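Here is the structure we will look at.
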Amino acid sequence: MMGDKPRILIIVGPTAVGKTALSLACAKALNGEILSADSMQIYKGMDIGTAKIRPEEMEGVPHFGLDLVYPDQPYTVVEFKAYADRMIRETQARGKLPIIVGGTMLYVKALIDPMDFTEAKEDPEFRQQLWQQAEEQGGDPLHKRLQEVDPITAERLHPNDVKRVIRALEVHHATGVPLSQSFTNQATEGPYDPVLVGLNLADRQELYQRINRRVDIMIEQGLVEEVKALLAAGYHRDLQSMQAIGYKEIVDFLDGRATFEEAVESVKQGSRRYAKRQLSWWRREERIHWFDGGHLNEDGAHLNESECLRKISNMLEGIS
């Protein structure tokens, strides 16, 4: 523990690399409880497409951060931070090690680094102007505008991610401060003493094969039926939750905008691209200790588990 800061274990990495299996092994070996830092697993009824762990797979390990809100309810990183801080305190009060598994890069970043959560005052008129420009000219002009005032945020947002580009422009418009300056790079100023473990695969094609296989399994488990149930419950395609990879593509299929084969391939392609973005983000984080996820077999079982756990335990104890 660094000073009075609680020590926490954070496991990050791209989708389908084996984070769930490693987190379970760590929880059982290190007396831990698991907190999901995934912005899609917070939604009730969205289980298959988010690869949410099932109760029978938890092996008796308490899990938090799942099923927090309904798909039509807004949920911000501010709310996640408050929730996660409370869960971490309660986990430590029980004498357990908090293990955070992500997931969503912004959620993890909010835990390990200071973040200014002062919410910019919304300006509906300014926002409407931006949306009108997007409708008339597409997302590129807005993205170029963001590059001028906040190049760091612009780098991590795709021009087609119009909603987040507009929000970043709103923050700068209201505060005069770039959204990216909400974070600092000084980990020692954060509230916790984190040990960051990253999982990756040396063979990128193996990762992509795992992603493709995971999507096939989701289809077999009933992803189409899950999306049908969400639509029947009144959760329409324009909701932020329904824009998630795996859901928007199936909605397109159900609406007749794509064939089944096209939808499945789009889910695979979107998931691969997301994994690439996740890796690009995490590679900038120098505090991460990387492990080769190739030591995990296709079912997620760790083939060199004892050595991996020994190294993680040493890091938690401050032993290099």
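These residue numbers are counts, starting from 1, taken along the chain as shown.
A Cβ is built for glycine as well, from the same backbone N, Cα and C atoms used for every other residue.
Reduced to three states, the DSSP call for LYS19 (ATP binding site) is helix. Every protein chain shown contributes to the tally, and the Cβ of LYS19 (ATP binding site) ends up with 25 other Cβ atoms within 10 Å. The feature ATP binding site is assigned by TrEMBL to GLY13, PRO14, THR15, ALA16, VAL17, GLY18, LYS19, THR20.
For THR15 (ATP binding site), applying a Cβ distance below 8 Å and a minimum sequence separation of six or more within one chain yields ALA51, ILE211, ARG214, SER271, TYR274, ALA275, GLN278. Annotation source TrEMBL lists substrate binding site at THR15, ALA16, VAL17, GLY18, LYS19, THR20.
Per TrEMBL, the feature region 'Interaction with substrate tRNA' maps to 38-41. Among residues of the same chain six or more beyond the region 'Interaction with substrate tRNA' (38-41), those with a C-beta under 8 A of the stretch's C-beta atoms are 49-52, 65-67, 75, 80, 101-104, 106-107, 241, 244.
Just so you know, the Cβ of THR104 (site 'Interaction with substrate tRNA') picks up 19 other Cβ atoms within 10 Å once every protein chain is counted. The site 'Interaction with substrate tRNA' annotation in TrEMBL covers THR104 (among others).
In sequence order, ILE166, GLU170 constitute the residues six or more apart from ARG127 (site 'Interaction with substrate tRNA') in its chain with CB-CB distances below 8 Å. Per TrEMBL, the feature site 'Interaction with substrate tRNA' maps to ARG127 (among others).
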(message) At a 10 Å cut-off from the C-beta of THR20 (ATP binding site), count the other C-beta atoms across all protein chains.
(response) 20
(message) Going by DSSP assignments with H, G and I as helix and E and B as strand, what are the residue counts for the region 'Interaction with substrate tRNA' (38-41)?
(response) 0 helix, 0 strand, 4 coil
(request) Whole-number Å only: compute the distance from the Cα of PRO14 (ATP binding site) to the Cα of THR104 (site 'Interaction with substrate tRNA'). (result) 10
(request) Starting from the Cβ centroid of GLY13, PRO14, THR15, ALA16, VAL17, GLY18, LYS19, THR20, which together make up the recorded ATP site, report each further residue of the same chain whose Cβ lies within 8 Å of that point, ordered by sequence. (result) LEU199, GLY293
(request) Within 10 Å of each Cβ, count the other Cβ atoms, then let me know which of the binding-site residues ALA16, VAL17 comes out lowest. (result) ALA16
